[in-house]
């Protein structure tokens, strides 16, 4: 009896997977998702990891360029300063990209914004490619700023595009593809950075240009694919173009339910123009959405995942992994990320968002505590460093399959059309500020606290677990207007926003 029940469950999941694939391939949706991914979040992941193996080669290039120009070697602190600029100005570019999301996407639309972003990525790659022949480290700095800009603008526009093409039942799966392509970018950065491929002194500038190939592909192909249906209906008021786009993406049909949902949202916001970031910050009706998104963003950034991407070599060296084996461990991390994000995509519409958040954060917190204990005992046995490395991989699995995957979906579900672009600007600025600050602070943390710095990550993950367990509403299968009402009903100290508003009206 029990075996029959298990067989039935497996059969049901297989049917759901086949149904999902059929829905994605009835029209051009899957093709558009791939084209957006390889020139959207892929860049973000690639440039996060591609730089890690090139440090000695670029610093050597800075030294030789300085000698050729000034006929004397530069002081060591000058090389360090220029290298630090090359690393940190990527985050500055990302911050600039995040602040221009509303302007660029609002003026051009989602499709043209992605194409414009690809042109900037191609220009950045050309500058980086020529920097070596020109013996100019300044060109590397400019290219890194532009790469950061494309990552900041591309990530937010990519996420908006995904939510605005997806039906409600597939919103979680489609939004999650952004995380999958970011993970694929991280793996590609590590893979191409191997000395057997492009991670050599004579080819470091070519390594940075790999994502530009996908940007060229997007510039050629994306003009022939449809604009986001929600953008066409709600912002442009073109219901015929919206229906045509839906049919092109998802196959023939009348899509009455989807268009009725868009109409209800349009009616709800027709007297409200698109908000600016400052107007959104002052709007009390969305304060819980902003607080939730900001809190989860901080928890994700401060949980340790950013440091694993940027400083993975230093972390595994601290864990006691032999230097020559670290690159294979990081490749294993990259493969694990991709597998688990795909699994999360199949799971998210079944479990909902909340369990993935609080369950993921809970395991992440426990994992960091175990990593700290393991690293404290690393000299007691030759196997302890590998146990620590395995625990870090467990952390990656639960982060990508939990807060990261569910977070990508939640970002797109919390705001209606009039608020979404402003929200992405705010979250983008916060994301890149956290990235820049952590990049500066973490090297000092690991030097001062050694393995005990991971207890800070454990504490942050625990906070994320508690917040999402007690306060986060479930958003699975709900319209954007229904989700807004769920957040207004959140009760703290015995009062919800709706009750506060009622009391203010009485006064």
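Along the chain as shown, residues are numbered 1 onward.
Cβ coordinates are placed from backbone N, Cα and C, and glycine is handled just like the others.
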### Task
May I ask you to indicate which of 452-472, 473-493 is given in TrEMBL as transmembrane segment?
452-472
### Task
Please give the sequence-distant neighbours of the transmembrane segment (452-472): residues at least 6 beyond its ends with Cβ less than 8 Å from one of its Cβ atoms.
292, 295-296, 298-300, 302-304, 307, 353-354, 357-358, 361-362, 364-369, 371-372, 375, 403, 442, 445-446, 490, 492
#### Entry: Sequence-remote partners of the transmembrane segment (204-225) [C-beta within less than 8 Å, at least six residues beyond its ends]
28, 31-32, 35-36, 38-39, 42-43, 46-47, 50, 54, 57-58, 61, 111, 114-115, 118-119, 121-122, 124-126, 128-129, 131-132, 143, 147, 185, 188, 192-193, 198, 248
### Task
Report the listed stretch (137-161, 173-192, 355-377, 383-401) having the maximum count of Cβ pairs within less than 8 Å of the transmembrane segment (20-42).
173-192
### Query
When you scan the chain for residues with a C-beta under 8 Å from the transmembrane segment (173-192), skipping those not six or more beyond its ends, what do you find?
20, 29, 33, 37-38, 40-53, 155, 158-159, 162-163, 165-166, 198-199, 207, 210-211, 309, 327, 330-331, 334-335, 337-338, 341-342, 344-346, 348-349, 400, 404-405, 408-409, 411-413
### Query
Near the transmembrane segment (355-377), which residues from the same chain, at least 6 beyond its ends, have a CB less than 8 A from one of its CBs?
296, 299, 303-304, 318-320, 344, 347-348, 384, 387-388, 391-392, 394-395, 398-399, 401-403, 405-407, 450-452, 454-455, 457-459, 461-462, 464-466, 468-469, 472
### Query
What stretch, picked from 113-131, 137-161, 325-348, 383-401, 422-446, has the most CB pairs under 8 A with the transmembrane segment (81-101)?
137-161
### Query
Which residues of the same chain, at least 6 past either end of the transmembrane segment (113-131), have a Cβ under 8 Å from a Cβ in it?
36, 39-40, 43, 104-105, 137, 139-140, 142-143, 146-147, 149-150, 153-154, 157-158, 161, 205-206, 208-209, 211-212, 215-216, 218-219, 222-223
